[in-house]
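Quick notes on the structure that follows.
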């Protein structure tokens, strides 16, 4: 029986990836379809991906698959063929190719079985996730942005919205997708007669959100096909104005893809114009925040003086201090509440 999980340390794997000479392509894809045996499917797909030297993060559940991966360019066409023939439901599935890509997005393959491919908190047996809103392509998106009867809804987290979003899009203030869904219904009641356009990074969240809105009585619901990634790619290919402003946050080592030249966010420590996310260098904190190069140097990559001082302690003392809190911090390191409690975010610099 082959080993169906990684047994090499992260440091060794990362060093091996960085030493690679062959370029890689970063890809994301998802598909809602019924998987009778997620664990069996996971194990079979793991062997296919491992044989092709695929790195990345893949979630499987009874409701489908969600993947963010990198593939050696010489094996990209073979990967595409094997994925499309793995299951009839995956034949022709849209592959979102990264917009900015140095091939260093992942260094290990992790495949997990979960209850849902997107944690939505929905516990309603009458909900039909397949009853989704209509797709919008790039030209349609631009037309909707000029339609006074349309309302754009950003179904991403606060830290994603902060660095980039569509013009005049509404933010749903919540830390997680499961918290956003009921809030979106509540916030949009006053816009029930409007055209509701939902979007996210690659399409997986806004597709389910569109079905949830329809389930709650909204009739005029659309979502952007392929999310921000596919919109920007198609708009550029077709010579259309790109109406997304700023950076598209991504969940890998890059932490973002530049869509437009505008920098709409600010350093959380000094207020300077900046949209570069980082995790606090103190492993006992790991807070996700925006930090400019000057503050990165001043605070040694940390989010605060306290974390900077802790990072300077002997390693044994650091381990003692973070015992019992490290896992919790890594789980909640993106919450708005924790960000506000750790940092007194200044007003943007003049």
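Even glycines carry a Cβ here, placed using N, Cα and C.
As annotated by Swiss-Prot, active site, cysteine persulfide intermediate applies to 200. Classification of residue 200 (active site, cysteine persulfide intermediate) by DSSP places it in coil, neither helical nor stranded.
Residues annotated as compositional bias 'Basic and acidic residues' in Swiss-Prot: 319-328.
The feature domain 'Rhodanese' is assigned by Swiss-Prot to 146-240.
Annotation source Swiss-Prot lists region 'Disordered' at 319-350.
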Taking helix as H, G and I and strand as E and B in DSSP, count the residues of the domain 'Rhodanese' (146-240) in helix, strand and coil.
43 helix, 19 strand, 33 coil
